[in-house]
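Okay, structure first, notes after.
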Amino acid sequence: MTLGQAKLAGMLLASVIAGAFAAPVLAETGEAEEATVMTMDAPKSGWFFVRGGWGSNGSSIFDSATGKMVGMIATGRDSDLGIDPAGKAYYVAETIWSKGNRGTRQDMVSVYDAKTLKLLTEIPTPGRLVIGGLKTNFVITDDGKTAYDYNFDPASSVNVIDLVKRKFVRAIELPGCANIIPNPGVGFSSLCADGTLATVAIKGSTQEITRTEPFFDAAADPIFSNFAYDRKKKQAVFLTYTGLISVASIGAKPTIGAPFSIQQAAGLRVADTKPLDINWYPGGMQVMALHRPTATLYVLMHKGEYWSPKESAEEIWAVDLATKKVTKRFPIKDGGGNIEITQDDAAMIMVTDNKNNARVIDSKTGEIKHTIENAGGGHITVVEPM
Amino acid sequence: MTLGQAKLAGMLLASVIAGAFAAPVLAETGEAEEATVMTMDAPKSGWFFVRGGWGSNGSSIFDSATGKMVGMIATGRDSDLGIDPAGKAYYVAETIWSKGNRGTRQDMVSVYDAKTLKLLTEIPTPGRLVIGGLKTNFVITDDGKTAYDYNFDPASSVNVIDLVKRKFVRAIELPGCANIIPNPGVGFSSLCADGTLATVAIKGSTQEITRTEPFFDAAADPIFSNFAYDRKKKQAVFLTYTGLISVASIGAKPTIGAPFSIQQAAGLRVADTKPLDINWYPGGMQVMALHRPTATLYVLMHKGEYWSPKESAEEIWAVDLATKKVTKRFPIKDGGGNIEITQDDAAMIMVTDNKNNARVIDSKTGEIKHTIENAGGGHITVVEPM
Amino acid sequence: MTKFNPDAIGENLLRRFAGRTSRRGILSRLGLALVAAPVFPLLPVSRAEAAKPDRTPEAKTAFARNAQTKDDTKCDYWRYCAIDGTLCTCCGGGIHSCPAGSEPSPVSWVGSCINPDDGKAYMIAYRDCCGKPSCGQCGCDNTDRATQLYLPQLNNNVIWCFGTSSMEYHCSTAMMIGAA
Amino acid sequence: MTKFNPDAIGENLLRRFAGRTSRRGILSRLGLALVAAPVFPLLPVSRAEAAKPDRTPEAKTAFARNAQTKDDTKCDYWRYCAIDGTLCTCCGGGIHSCPAGSEPSPVSWVGSCINPDDGKAYMIAYRDCCGKPSCGQCGCDNTDRATQLYLPQLNNNVIWCFGTSSMEYHCSTAMMIGAA
């Protein structure tokens, strides 16, 4: 008898004691089933990865075609999820205290096998920002070899993690900036409090930080931290509280395109920062989703006054970034705070509301295809085309 | 500069960097406030201690007179709360894994100062049952010197913890039984699968286990595990799924009083275990509350068929244990799953529903005094008269 | 009414879950515990009654009368007569399969449920899948013959994640054990 | 409209929270970080404008127009113009007091809120109380001048429990710092 068997026997005998089972044996019926464990397909373009709400410790994976849950990744509270571009692994940047609400702080990137969802290893890191709802704090590079993890303690820095050797490399100080845009061959870029875009060019163990000219007002009309990035075009799409959209070309020396107003793109008056000016404004946590193949931006919009950047959405607006026109407006029935879209031809939208319910919406027609109760209240991730 | 000051300065300089604060200093206005921390009164008879729902890690304390929250005790998921009879401490029996959902299992009784709610110490224990919603798994003796903590792994045992020396003493095997009734001067008693009441007489490092004759059918008409115990009268009050109430005198040789039917006590037909027999049945997690000063039992009741022991309540029935009569029936509007009552003259009832909302109800009139949203979905504890 | 016979469960579960460990081997390990524990009487369920179950509509519970056999992602699926938790069939698992990354508990609680297609009662083992956070989909709490903690193998409140590498509860399966 | 002047916050918070640590001492500790960081321009908020604030109803945000000064357990209490979290006043704490057993964070985010009684703007520090599970009562999320992560002292999503013995978030207070 192995130790494992002995342990099992020890447990089962307890059932014997507890239940008074000095009784005859049931005949085997041949109907008894075996316990098995499922495996997962590689990450699919039609999947939504949806974080649970505050207090939840998992991200559920839903198939946009069926609306069914296909699995779950353990993402502890305030963790961030990254998908290996090769589809072999999921990465979870997380912070865990040894006694739940107290004890020793442990920061790490946990690595899960994409097929079995089993924990492969943990890569210890020196820290990370504990925050909910941001998608731009933990970024995997296009080649899948490096992860950048934003830290704020409350000094601002970025941890560089080698995903091949599975070890922490070093921290790069990034004062006054946050949110990470991958910048292949260069390093990464970030938004800054002075209204610039900073680019961190990493050269071995040193780096050079350069900045664009200021192009937005971080205090008066901020850019939402949950911006979108197109890895193929190397373009970031930014949106401000008033609804100004700008497209930045990311590279060694990023350039920012001229902003345009989402309201104007819909044939309406440009929105202002002044009170008592009722207009349509963007609002939510994950306020927008970029369908990269068609360069269409889907934005959660609500009627109201300025300084309402978290207000629940009443409509989804589809913005054609090429023509700078709003091409579609879909009403949302029960509000929405997070939006994402699959990067395939189906182009299915998911919107979650503050009751943790999700709706899967056909972006071509606005039709609700699936309503998923208790899907999760946190942000939504999809597989990005590389 | 001490290490602590250096750390603080390190943090604050980050703010300097992040926010571009090379600006003039604001004049002190004299209006600035100091951050302070509250302290608590000793546990009061008018307080309800309400566990959060699944996934919550705290028990909120509400004042039955005002309906206001007065504080919170950290009670990790599936932990159990005990109140020091002297009012000096709260005890939390809990199980924590070192990495949240994985890692090393740590079982302990955490000791909190009742005034500051600060963690005083942790007493490691060799295990405990991880379960939600049961109030009879962790019991403090009347003298406050000992705690009994039920363990099931899945062999059944009780851990004895010395609260004076703050150390684990030993485990007592308790096959086939569960749920703990304090038995002062003797040890403790428990309900058993064979329909008996077992009494564990502890004598130093040994114990003797005796049992009553079988008095209930554990499979066909079980006694709810969340029974009530009156420490002054040394009486346990039991209720079965069909609604049979019996009072047991606890001592070295417990005696069980003749059961009576709650339906009959209300002038109705006795309930049966047969299907298709529509009647009033008790149901809920914390299905009943005993007002010890008046020996009145308040039971959550619903209409339906047998095998509905967790069904939401439609009414509260007040049973006078002396006259064996139902003296009051109050309707409950939105269902209820847990009930408790303060042990003072005010005799205020709290009922929580499965949406985590609580209602404070005057037991004399049935009037709803307070409705508390998001109060908690778990069980409710009050200070017991000793 | 179908009498539920918990006496018969133990041995069956032992064979299902203990694999090659013989009952003799298990009993020998009981040792001190058996000595400390008085021999239990059989539970007051008549074996004679169990042999002649009454499965007329009048004898079926409300759950059994309304159960269906087509959709195992609904709480009224016949096997779920005593389940408490989230259905693995809604979480990327199956009726007897754990979702990827979770682990079936080697022990479980049980129920005796009537299959409306053949009117017969079957023993169902509700094996929790463990080691991942709660799935959150399709929460069900059915209580046919569900008892309290002192009869734990018929209690559906216990988190049945013993002997797994993590006790985190993910979802519950409903495995067919055999005829009840 | 009351122009919000974030430039002025830092020094004030430094004095509030750093106690006896002088600004010179702090700056000397900046060291490498200061070298690495370009000197920031002042944020595009005109100091002249700030000196002559327009506090007419037309210049007030929707929150400010509807704020009240009587009940600090409601989300529309004037100081809560940029709070995000559960109100400590509903959790056994006070407007600048942490509930028993929790610990005030030494750093915080800030807001500039107008007191409707005198029409003046005040700087409010939202100091989180840390080290206990979320209180769950009176959840509020007001966003007057709340910005994004790259301007963290004006961001109310960050869990501001730095320098406390535990980062567990319990509730948020709204401390008066001074006139804005």
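Each Cβ is built from the backbone N, Cα and C atoms, and glycine gets one as well.
TrEMBL: automatically predicted annotations, no manual curation.
Looking up D:CYS161 in TrEMBL gives a disulphide bond whose other cysteine, out of D:CYS130, D:CYS135, D:CYS138, is D:CYS130. Of the cysteines listed (D:CYS140, D:CYS171), TrEMBL assigns D:CYS140 as the disulfide partner of D:CYS75. Which of D:CYS81, D:CYS88 pairs with D:CYS171 is settled by TrEMBL: its disulfide partner is D:CYS88. Annotated substrate binding in TrEMBL involves D:ASN156, D:ASN157, D:VAL158 plus, out of the candidates D:ASP76, D:ASP84, D:ASP117, D:ASP118, the residue D:ASP84.
Among D:CYS135, D:CYS138, the cysteine that TrEMBL records as disulfide-bonded to D:CYS91 is D:CYS135. Cα to Cα, D:VAL158 (substrate binding site) and D:CYS135 (disulfide bond) are separated by 17 Å. Each of the disulfide-bonded residues D:CYS75, D:CYS140, D:CYS161 was checked for a CB under 8 angstroms from a CB of chain B; none meets this. With respect to D:CYS91 (disulfide bond), the closest of these recorded positions in Cα terms is D:CYS138, chosen from D:CYS75, D:CYS113, D:CYS138, D:ASN157.
DSSP places the residues of the domain 'Methylamine/Aralkylamine dehydrogenase light chain C-terminal' (D:68-178) in helix, strand and coil in these numbers: 9 helix, 40 strand, 62 coil. For D:CYS75 (disulfide bond), the same-chain residues 6+ apart in sequence whose C-beta sits under 8 angstroms from its C-beta are D:ILE83, D:LEU87, D:CYS138, D:CYS140, D:ASN142. Of all the recorded positions given, namely D:CYS81, D:TRP109, D:ASP128, those whose Cα is no farther than the 10 Å limit from the Cα of D:CYS161 (disulfide bond) are D:ASP128.
Among the recorded positions D:CYS88, D:CYS90, D:CYS98, D:CYS130, D:ASN156, the residue whose Cα lies closest in space to that of D:CYS81 (disulfide bond) is D:ASN156. Each of the disulfide-bonded residues D:CYS88, D:CYS91, D:CYS140, D:CYS161 was scored by how many other Cβ atoms lie within 10 Å of its Cβ, and the smallest score goes to D:CYS140.
Residue pair D:ASP84 (substrate binding site) / D:CYS129 (disulfide bond) shows a Cα separation of 13 Å. Here D:ASN156 (substrate binding site) is positioned 18 angstrom away from D:CYS98 (disulfide bond), judged by their C-alpha atoms. The recorded positions listed here (D:TRP109, D:CYS113, D:ASP128, D:CYS129, D:CYS130) include D:ASP128, D:CYS129, D:CYS130 as those with a Cα within 10 A of the Cα of D:CYS171 (disulfide bond).
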